[in-house]
Amino acid sequence: MPRKASSTSDSRLKWRKWKRNPTASPSPSNRSSAAAAAADHSDDSDSAAVNEDDDSAVPEDADDETLAGAEDPVLDLREAEVLPSAEPVSAFPVATRRVVNRPHPSVLAVIAAERSACAGEGSAAVAAAPVLENISYGQQQVLSGVLPDHASLATDTDKPSTYVCTPPNLMEGHGVTKQFQGRLHVVPKHSDWFSPGIVHRLERQVVPQFFSGKSPGNTPEKYMLLRNKVIAKYLENPSKRLAFAECQGLVANTAELYDLSRIVRFLDTWGIINYLASGSVHRGLRMATSLLREEPTGELQLLTAPLKSIDGLILFDRPKCNLQAEDISSLASNSEVVDFDAGLAELDGKIRERLSESSCSYCLQPLTSLHYQSLKEADIALCSDCFHDARYITGHSSLDFQRIDGDNDRSENDGDSWTDQETLLLLEGIEKYNDNWNNIAEHVGTKSKAQCIYHFIRLPVEDGLLENIEVPDASVPFRAETNGYPHLDCNGSTSGNLPQKIPPDNQLPFINSSNPVMSLVGFLASAMGPRVAASCASAALSVLTVDDDSRVNSEGICSDSRGQGPHPNFRDHNGGVSSSISPEKVKHAAMCGLSAAATKAKLFADQEEREIQRLTATVINHQLKRLELKLKQFAEVETLLLKECEQVERIRQRIASDRVRIVSTRLASPGNSLPGGSTSTMSSNPMSMSPRPMGVPGSMPQSSMPAPFANNMQGHGHPQMAFLQQQQRQQMLSFGPRLPLSAIQTQPSPQTSNIMFNPGMPNSVTPNHHQLLRSSSGNNSSVG
């Protein structure tokens with residue numbers, strides 16, 4: 001292919017020539033060659049397109065014309081998406097700002113994910129969005145991950161380190177308390193990401209050689225061991241500043257001192273150690289004075305050698321804590337707890353209650369009900385203003401936060417807690433509005449429609465609900481006297497002592513209504529049915545209409561207190577008092593009616609249960625009958641199949657016997673015998689012998705044996721004939737090819753006859769005293 005051998009310079013020359021003359025109409029040959037060149041040199045064209053900014057001979061108007069008149073759709077898409085202008089933003093990591101004509105699909109995915117996060121739709125759309133690294137606030141020079149082949153893992157420590165870190169936002173305050181090996185550990189607010197049991201991403205950036213997997217001696221477990229040793233050393237005396245010289249005894253060999261120094265300086269930088277230490281020196285001024293040196297000429301020279309380590313790259317002040325180590329020790333000493341573990345938990349709770357507060361992780365303002373919770377760190381939350389202004393915490397972006405609306409959560413949680421008064425209002429609303437849940441929710445007043453429906457479904461359909469609901473006391477106090485009236489319990493039995501059976505006032509339904517008995521009957525008629533309500537009304541009426549001596553005596557006793565109760569006296573048409581019903585009697589009647597209704601409902605329930613059992617048994621019997629009918633039908637079909645099989649077997653045996661008889665008749669015919677002179681010819685020329693037919697078994701010629709042999713074979717039950725019948729039966733069952741009777745010939749070889757009938761004779765001797773032992777010619781036409 002001559003086009004494959006073209007050089008890169010030729011392809012670039014063609015590209016530039018075509019780009020300078022985009023409007024010229026090329027000839028068909030040139031157009032086809034240009035298309036072929038573009039197809040063959042796609043890589044060269046891409047490299048030329050990348051380096052098109054270096055071509056100073058092409059004017060800007062030519063580029064515009066190229067965008068308008070280019071015929072290659074791939075080039076049009078590439079040039080239309082990204083403009084050639086580029087502005088460098090950062091040298092490390094390399095970041096370039098480019099102008100685009102239309103957003104990339106990844107940008108659209110990020111915008112959709114941010115909108116869903118702001119709307120509180122969950123993290124389903126966030127999972128599909130690309131991973132972003134925020135370089136706007138505090139992360140312009142922070143690497144989120146270090147690859148195993150990164151330059152920072154080089155063994156040469158004299159080279160400048162590629163680790164660059166931006167100072168965190170200092171958050172002055174009381175700090176955050178954490179548990180570390182049974183002791184309290186106070187860290188700054190901006191170091192709340194630290195956890196003794198895990199390794200944070202910022203820690204992996206400081207000592208990446210422990211997490212690259214290149215060295216078997218440097219493992220994450222070893223890093224955690226060194227880090228925890230340093231922190232434990234500091235917690236022995238938090239008021240004293242821990243220096244690197246004091247930590248050198250924590251490692252066994254000098255090769256680990258460099259890693260230990262980086263760990264100590266990192267922990268000191270973030271305030272994980274020396275946060276409560278007093279007398280700390282302003283590290284920024286100390287480093288500034290140590291890096292500047294005045295030359296004899298009077299010029300100031302900046303020393304770059306110390307900047308090779310992390311110590312020179314992080315230049316910011318130490319975080320200061322408003323608390324002192326004595327405050328923590330005083331709190332620990334004042335706690336009067338016997339159990340050590342329980343004391344630590346209680347002390348931790350006290351310190352957290354005093355030091356920590358629910359505030360924004362960036363501006364430290366108290367969080368409102370609407371805020372944004374981090375998906376990476378559980379203790380990081382932002383207020384609405386900081387989130388919308390993109391003031392994120394180090395290592396976070398907008399996709400790492402989830403919208404939290406406290407009002408919605410509170411309303412959902414409140415839907416699970418119902419007071420007795422709200423439950424009563426719900427039952428009253430159901431009784432009043434039937435199934436109109438909007439009116440029921442308005443009647444309750446404090447719950448929504450869905451919460452009312454959910455709570456009503458969860459209510460137990462038992463009398464235990466009424467026992468747990470507290471109803472305000474009635475205006476008339478309850479009396480234990482029953483005036484001798486019989487009391488019916490839930491089972492309908494009569495009890496002699498009413499005070500042991502009558503429940504208190506707060507356990508009777510509709511006790512505060514003007515007529516408790518009628519209210520109960522009406523409720524049962526609408527909820528349970530007219531028959532249950534009729535039994536309740538009948539029992540209550542029987543109690544109210546009992547006329548005995550005790551009632552007459554009670555009328556005289558209650559005459560002084562007429563009109564005081566909630567139930568007025570009944571008067572006749574003449575204006576006289578006809579009867580007076582005491583509140584206790586009304587309660588007794590309501591309870592008896594309720595017991596009768598419960599008994600009636602129980603009877604109906606038992607009747608329905610028996611009906612269900614009867615119907616279930618009927619269904620099962622019908623299914624069993626269907627199964628029996630199917631089994632009977634299958635048995636009949638099986639019987640018919642067996643009969644057909646027997647008939648087919650008899651027909652097969654008859655056909656086999658007929659076939660054997662016909663074959664025997666053909667073989668015993670005198671025309672099959674040949675002169676003896678042909679025997680030598682057949683024996684001398686074995687190739688002239690016709691092959692044995694496939695359908696005739698090897699023992700077929702034995703059917704025409706002489707009488708002495710035949711008699712001998714008959715005396716032993718004809719084994720050869722049985723074998724012949726078995727072979728014929730197998731041939732009929734095997735669906736193999738069938739040969740006509742005319743094709744069956746007797747062509748026994750001399751060796752076969754000698755072996756069967758004269759095994760003692762040599763193979764060269766062929767007796768001709770019997771017709772079966774004489775060989776026949778292959779061209780005998782008398783057979784068939």
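Placement of Cβ uses the backbone N, Cα and C atoms for every residue, glycine included.
Residues 760-784 are the range that Swiss-Prot records as region 'Disordered', among 485-509, 760-784. It is 355-409, from the ranges 355-409, 520-574, 575-629, that Swiss-Prot records as zinc finger.
Counting only same-chain residues at least 6 apart in sequence, those with a Cβ under 8 Å from the Cβ of Cys383 (Zn(2+) binding site) are Cys360, Tyr362, Cys363, Gln365, Leu367, Thr368, His371, Tyr372. The DSSP secondary structure for Cys360 (Zn(2+) binding site) is coil.
DSSP gives Cys383 (Zn(2+) binding site) a strand state. Each residue of the domain 'SANT' (413-464) gets a DSSP state, and the totals for helix, strand and coil are 35 helix, 0 strand, 17 coil. Cβ contacts within 10 Å of Cys360 (Zn(2+) binding site), excluding its own Cβ and spanning all protein chains shown: 22. Each of Ser359, Ser361, Tyr362, Leu364, Gln365, Leu367, Leu382, Ser384, Asp385, Phe387, Arg391 belongs to the same chain as Cys360, Cys363, Cys383, Cys386, is absent from that list, and has a C-beta within 8 angstroms of the C-beta centroid marking the Zn(2+) site.
Within 10 Å of its Cβ, the residue among the binding-site residues Cys363, Cys386 with the fewest other Cβ atoms is Cys363. Here the domain 'SWIRM' (185-284) has, by DSSP, the following mix of helix, strand and coil residues: 52 helix, 3 strand, 45 coil.
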